[in-house]
Amino acid sequence: MEVQVIGDSIHLSAYRSRIPQSVTNGKTTPAEYESDFFHLYGDTSPVVSCGPDIQSHYETLDAPPNSDFYANTEVCGRRKRFRPSLYQLYAKPEDDPQPPMYQETTPDGMEGESSEDEEQKEPLPEPTRFGWVHGVMIRCMLNIWGVILYLRLPWITAQAGIGLTWVIILLSSCITGITGLSTSAIATNGKVKGGGTYFLISRSLGPELGGSIGLIFAFANAVAVAMHTVGFAETVVDLMNGAQAVRRVNLVKTFPKILGQFDDAQVLFFLVIMVSFTSYIVGTIIPASPQKQAKGFFSYKADIFAKNFVPDWRGQEGSFFGMFSIFFPSATGILAGANISGDLKDPTVAIPRGTLMAIFWTTLSYLIISATIGSCVVRDASGLLNDTLSSSSSNKNCVGIACQYGWDFTDCINNDTCIFGISNYYQSMSMVSAFAPLITAGIFGATLSSALACLVSAPKVFQCLCKDKLYPLIGFFGKGYGKNDEALRSYLLAFIIAVCFILIAELNTIAPIISNFFLCSYCLINFSCFHASITNSPGWRPSFRFYNKWLSLLCAVCCLVIMFLLTWWAALIAFGVVLLLLGYTLYKRPAVNWGSSVQASSYNIALNQCISLNQVEDHVKNYRPQCLVLTGPPSSRPALVDLVSCFTKNLSLMMCGHVVTVSSSSPVTMIWISVQSESHISWLKQRKVKSFYKHVVAADLRSGVNMLLQGSGLGRMRPNVLLMGFKTDWHSASPQAAHSYIGILQDAFDLQYGVCVLRTRERLDVSHPYQYDFNNTPILFAAAVPNDPEAQLSRPTLFQKKQGKKTIDVYWLSDDGGLTLLLPYLLTRRKRWAKCKVRVFVGGDNSKNDERRQEVMTLIKKFRLGFHDVEVLPDLFQKPQPGKAQEEPWWITDQDLERNRAKSFRQIRLNEILQDYSREATLIVITMPVGRRGVCPSILYLAWLELLSRDLSSPVLLVRGNQENVLTFYCQ
């Protein structure tokens, strides 16, 4: 279908269904009768087959449900379908407007292509993907099995006994199992991309915790390569009968170079480990030879099982948590499958199934090996064939369970020189095995496979972190190569980190750090699942239902406790790094929006707090000036924004109101306003102003402001003070404009708002206005946009500068409830206003100046405002200087002028006083006069405000509260 384009928009008629050329004699060919609409919006099959007369009654742009409408990526091999906009559905077909673009992007060169060309276009080759067995289960099992299984599990069984060893195994499996359930729930709550653990945590908890734990987890995987490689080298050293450590380091330095070539070797490693297990089980059944009996192996014996069932703690590490800390690192491989989530065919199915199956089979193998080795081998043996118990010897002096089977290991037991038995010989499984080299091969397979899994996982996680650009200087490593987007640069970085830690060549030094980092990841995964569940967000809909949020929370707490039980200093390092990265992310606030559970929790907290506020009556002690500021576009009146922000930031509500006046609204108008709203919010954020932004569309300014006054806020969180700029062009404006301006003040008073009007020497509106015309109607009041927003953002206003040791002069001439005093007090709490001295001026008689000053001072002292300078104005009620009253051409009748002559003279006199007393003040705050409705005309009232605030170098803030107390000197 040819798309008709007008400017940057798409003609509506281009999307109406057309009768195809294949329709003849009122009949259609089902395979060919397809509306062009379905090529772009719907499926390639029509909803109904009907003749042209019938179809005309049912033609519609509505599209049937399609997955393309919800996808964020392009579709390979064809044009992506887009859902029609609401405007395109309800607009008149005969209209020829320019609707907004409803499709964001299309592949280059596709606008003029036909559907036939799209069908001939070959899709991109599909990258290699893994299933749940090869991609997750086998990978996790190989990563879980390691050197501890072969070299430490028999020794742990000897120390803790079979009973407590099973407790250790089951406790570790419970932690990993619950973590696996949490991982499965998070992984099935939407499409999972590459990045594994980092992707799961960051998209659930947000970039703050997700980014920090992602960097730590990638580093831990890189260091884990070194740990498994060093374990591999130690076994080689034992086989070489004590080769020097230098030779071991030389061996392991070359090992990581080989790992990257053997992704398919995982199946081989898995088969080798299975064969080694088979050899071990067969060896326990075969009758023991004299050589094996001398080393403590007697096949299955009930007495040996009973003896080894109870613990026999030895050495400094002889305790339950000591053994737990050594065993638990063998369970830290359950995330190997999730770490390559981007390479799985169906991550939402593969991750839960493969991870849980891997935990089950590895736990079963640990339990079987600990039980069988504890039933066949004694704890101590000498290995000497001469240590048999002769018939003439007495059994009374023989020590150990081996005495019952004709062996006397008393000497080595008493002297603590036994070199065999499961308490002394780490290679006990090799000794028991039917063919010892198979166990050695199993050790090699387990260590190599674990190192391989970590070497693959670390770059994948780090690559995803780099692409999110949460931290500086790491984006270089995010580039991918090939059809699988291989992170070659991240592979190189992981290789360098692994080699650096390999040079340490001490397994006991490397392991505690890794274990704590992995436990930190497990803790956050479980907390992510709990947090996402507890927020009750509608977006939390995991396909995997077999999880419990309270179990996830319990497991998170257990992981936290175990971190400190294993190695407290490593736990402190891990949390120190997490907090450091967390603080950086909170400070920089990256521009990402992943719909995290933190956002859902913030909404819940805000909603609950707003509801709870409605249940409590307002109290004067908790009064806060919650300001509705008529700024128009906030960037056009930065001085007004900055002043209000000074006394509302981190204290109360501030809302910038924007009224757009049009004769008749249209969808185009609303779309334009919505687009502009985003830029206004961005401007406030960049200026670090904590304010909401609210726009309304109205036929005139007054009705729009009335909508803001009545509709802004939520519950108790609603404005109670209206702030606006002074109308400086009232001389040249029409009487209707002046009446509308004063009507806004009256509407605010009617709704029990306090009102503030700001006048500065310079214009508040710093923009250069130009008109936007919708339907030949200009946008008034707020259509102006600064020519250079960046310049407006960087140029400070008067209220952003440090005020120094100047004065804030407060003319408290009428009691409005205390708002005139409260606003200057809030200003002095800010750092830039803290050095300013507040002077309070009140009216009084010459005969009672001292009494009036003392009275006001006592009242201010009760309010605890900290104002100590009060001056009484005795000449407040004198007549102004001659000639002043005739300088301003008032457009009012003589009758109205005569009726309000006294108040008019008073405003002129007040201006004289302001010029005498406050010429050097940094800000003048004065009680705003009130014109009685029906008595004082709007033009006259504007003249009052003009006369009161004219010819002053300092900004003037006219304040009038709603005549209700905002200050109190009571404690209840």
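Cβ from N, Cα, C; glycine included.
These features come from TrEMBL:
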- 58-111: domain 'Amino acid permease N-terminal' (DOMAIN)
- 91-126: region 'Disordered' (REGION)
- 110-120: compositional bias 'Acidic residues' (COMPBIAS)
- 130-151: transmembrane segment (TRANSMEM)
- 135-628: domain 'Amino acid permease/ SLC12A' (DOMAIN)
- 163-188: transmembrane segment (TRANSMEM)
- 209-230: transmembrane segment (TRANSMEM)
- 267-288: transmembrane segment (TRANSMEM)
- 320-338: transmembrane segment (TRANSMEM)
- 358-378: transmembrane segment (TRANSMEM)
- 488-507: transmembrane segment (TRANSMEM)
- 513-534: transmembrane segment (TRANSMEM)
- 546-563: transmembrane segment (TRANSMEM)
- 637-772: domain 'SLC12A transporter C-terminal' (DOMAIN)
- 790-971: domain 'SLC12A transporter C-terminal' (DOMAIN)
The DSSP breakdown of the domain 'SLC12A transporter C-terminal' (637-772) into helix, strand and coil residues is 58 helix, 28 strand, 50 coil
Is it the case that the transmembrane segment (267-288) and the transmembrane segment (546-563) have 3 or more CB pairs under 8 Å, with pairs at least 6 apart in sequence?
-> no
For the transmembrane segment (130-151), could you work out the same-chain residues 6 or more beyond its ends whose Cβ comes under 8 Å from its Cβ atoms?
-> 228, 231-232, 234-235, 266-267, 269-270, 273, 326-327, 329-338, 340, 343-346, 349-351, 353-355, 357-359, 361-362, 365-366, 369, 426-427, 429-430, 439, 442-443, 445-447, 449-450, 452-454
In the same chain, which residue numbers or ranges, 6 or more beyond the ends of the transmembrane segment (163-188), come under 8 angstroms Cβ to Cβ?
-> 153, 156-157, 200, 204, 309-311, 320, 323-324, 327-328, 330-332, 334-335, 338, 341, 347-348, 351-352, 355-356, 359, 363, 366-367, 370-371, 374, 522, 525-526, 528-530, 532, 542-544, 546-548, 551-552, 554-555, 558-559, 562
Which residues of the same chain, at least 6 past either end of the transmembrane segment (320-338), have a Cβ under 8 Å from a Cβ in it?
-> 135-137, 139-146, 148-149, 152-153, 156, 159-160, 164-165, 168-169, 171-173, 175-176, 179-180, 183, 187, 196-197, 200, 344, 347, 350-351, 354-355, 358-359, 362, 366, 450, 453-454, 457, 511-512, 514-515, 518-519, 521, 562, 565-567
Whole-number mean of pLDDT values that fall within the domain 'Amino acid permease N-terminal' (58-111) | 59
One stretch in 209-230, 488-507, 513-534 has more Cβ pairs under 8 Å to the transmembrane segment (546-563) than the rest, namely 513-534
Contact count check, CB pairs under 8 angstroms to the transmembrane segment (488-507), set 209-230, 358-378, 513-534; argmax is 209-230
Could you tell me what the rest of the chain brings near the transmembrane segment (358-378), counting residues at least six beyond its ends with Cβ under 8 Å?
-> 136-138, 140-141, 144-145, 149, 153-154, 156-158, 161-162, 165-166, 169-170, 173, 176-177, 180, 277, 280-281, 284, 296-301, 304-305, 307-309, 330-331, 334, 337, 400-402, 409, 421-422, 428-429, 431-432
